Amino acid sequence: MFNALTHHQSANFDEQINQLAQLISNSHHTIALTGAGISVASDIPDLEQLSGGTTGSLSSESYLEAHPDDFYRQFHQLFIDPIFNVGPTAAHKVLAQLEHHQLLDGVITTNVDYLHERAGSHNTANIWSSLNINHCVQCGRIYPLEILREPVPHCPNCGGLISPDPIFRNIATVPAERERADLWTNTADLVLVTGANGYYDHVESRSTLVDINPAQTEFDDRATLVIRATADKTFVALADKLNLPIMTVTN
Ligand SMILES: [Zn+2]
């Protein structure tokens, strides 16, 4: 009985992966919309969690300026250590491979962890900004992700404190990133929604949708295909089906 049930479930999953591969092969413009669900395997929290709960002190720039040591100690634990120690997930890598093989126009993400780029994706829209944009609170210069590896990062130009751009935006979209995202959603005939927790309403109603999420989402009703599995499990199976390597794209 147990074996039969397991067999039935995995057969169903295989069939869904076949269908997903077919949809991607038949599509002219596929895009992915990703959210916190794709990065949980890297232990990175949802940006929305920062606005409340135990991480509330991370959401105020005045706290950063008053207590830089404590701010960055928490910030490293939550974001920087997982980003550098764990890195992109299998799902990030497969999405980068899909772009590299001209099977994906771009990735729109509400995540700020910059893991799509670190997996090798070029065409990304970081609509809530990313940790690759960090400004000096004194002179305003911008520095990339690497500067956040310093225990308490300071500006090489003027010595001012460095402030990570997405943390204090209060989930406001970045206009230039939003514009790029709109170009993709306007032309997409297939949208892969992966662990996403927002931005649904920007997807055109004529686009075919696939929802990849272990939990039920508000998106399921509109989806042509609902895959109730993690992003990693789904994209690893898809890579196998499409003969794509599961590795970072390097140039
Ligand atoms: Zn400066």
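Keep in mind that glycine also has a Cβ here, set from the backbone N, Cα and C atoms.
Annotated features, as they stand in TrEMBL:
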| type | residues | note |
| --- | --- | --- |
| BINDING | C136, C139, C155, C158 | Zn(2+) binding site |
| DOMAIN | 10-245 | domain 'Deacetylase sirtuin-type' |
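In the three-state DSSP scheme, C136 (Zn(2+) binding site) falls into the strand class. Listed in chain order, the residues near the Zn(2+) site other than C136, C139, C155, C158 are V137, Q138, G140, R141, P156, N157, G159, G160, each with its Cβ within 8 Å of the site Cβ centroid. Counting other CB atoms no more than 10 Å from each candidate's CB, the binding-site residues C136, C139 peak at C136.
For C158 (Zn(2+) binding site), the same-chain residues that are 6 or more apart in sequence and have a Cβ closer than 8 Å to its Cβ are C136, Q138, C139, R141.
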